[in-house]
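Features reported for this protein in TrEMBL:
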DOMAIN    22-118  domain 'TF-B3'
REGION    137-163  region 'Disordered'
COMPBIAS  137-148  compositional bias 'Basic and acidic residues'
DOMAIN    237-332  domain 'TF-B3'
Amino acid sequence: MATTCERCKVIEKQKYWEEFDKHRFFKVMMNDFRPRLRIPHKFVINLKDSYKLLGRKILRGPSGNTWTVEVKKREDNDYVFCNGWEQFVKDHCLEEADLLVFKMKSFSCFDVTIFDLSACEKEETFFVKKNRNPCKHPDEVTDEHTSDQEESSENGHSTEEESYGKKYVFHSSQLRKGKKMKKILIAKQQINRKRECTPSSTCKRNIEPEEKMPIFSNRHREEVFQQASRHKSSVPSFLMTMQPTHVYLGQLKLPKKLANRYMRKKYETINLRIPSSGRRWAVAVSYRQEGLVMQSGWEDFVMDNDLEEFDICVFELAQGGKHNLIPVVLDVYIYTSC
């Protein structure tokens, strides 16, 4: 097996910290982790402009809800999550030996994934409400974890959270993420069941859906499609109707003809942008035999924009592409089916 020289290791390490984004680190819950949590020293000293880590930050849990915490620098130069961290621990019922993966979306926001001793994600963390008390144990979790969120979303209300003497408003679009995540889990469970079924097994060939998806008339879908088809663009573009795979399984395959003509055939991170707001999402694109596929980051785009089946997205190549080295930016125009 080929070995890497020390000089190459230094160059690769420097390139990782300076050129890559979306850095990650993990922490195992042990000792006195409840009042504060230390950020790994290596992460702090290697991250460019690490001083920007200090101050108020947003932790987004698996449910899609967010918690405001503070990062402080201690006398020993350690950076720690505090002032709000204890509430995050309480709401997610974190226990000794739980493992948390922190993905830095920006200097102000981290996505948090939570695993337990089984080495799998803790299912109940996908249905966590803010400030739930008393904390429910896994064998007591019911649909009430999402009922309040769903009721709030249906009524169009927002919830308010008191922190540091100020009111932070979390809008219904954020609260709907728990409901969307539940649908994602159901879809994945159904696929796993189908894979387990064999011709000789006793599994039913037609699996009843555990939760019915909204049904819209063919006429309404046709109207939405016609509206999207009238979208005019002066740059390369393509139209995609959202299917269950796109909405619930976190991946989107790009049209092969367009991808071959305008996109680079390699793994890279591109940006999806909503022109009306200017907001961007970093999405990993992988090159496979069947073409280019959006994966990591696509699920965030789906949830943040509340995409559903039969919604139509028009993608425009706003920047970059096959014949230059500029990072790719795709503008996305969404035509909703409901």
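Each position is counted from 1, following the chain as shown.
Glycine is no exception: its Cβ is also placed from the backbone N, Cα and C atoms.
Keep in mind that this is a model prediction, so the values were computed, not measured.
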Exercise. For the domain 'TF-B3' (237-332), what are the DSSP-based totals of helix, strand and coil residues?
Worked result: 19 helix, 38 strand, 39 coil
For this session: Go ahead and report the DSSP secondary structure tallies for the domain 'TF-B3' (22-118): helix first, then strand, then coil.
Result: 17 helix, 40 strand, 40 coil
Seminar exercise, completed: Confidence over the domain 'TF-B3' (22-118), expressed as mean pLDDT on the 0 to 100 scale, is 89
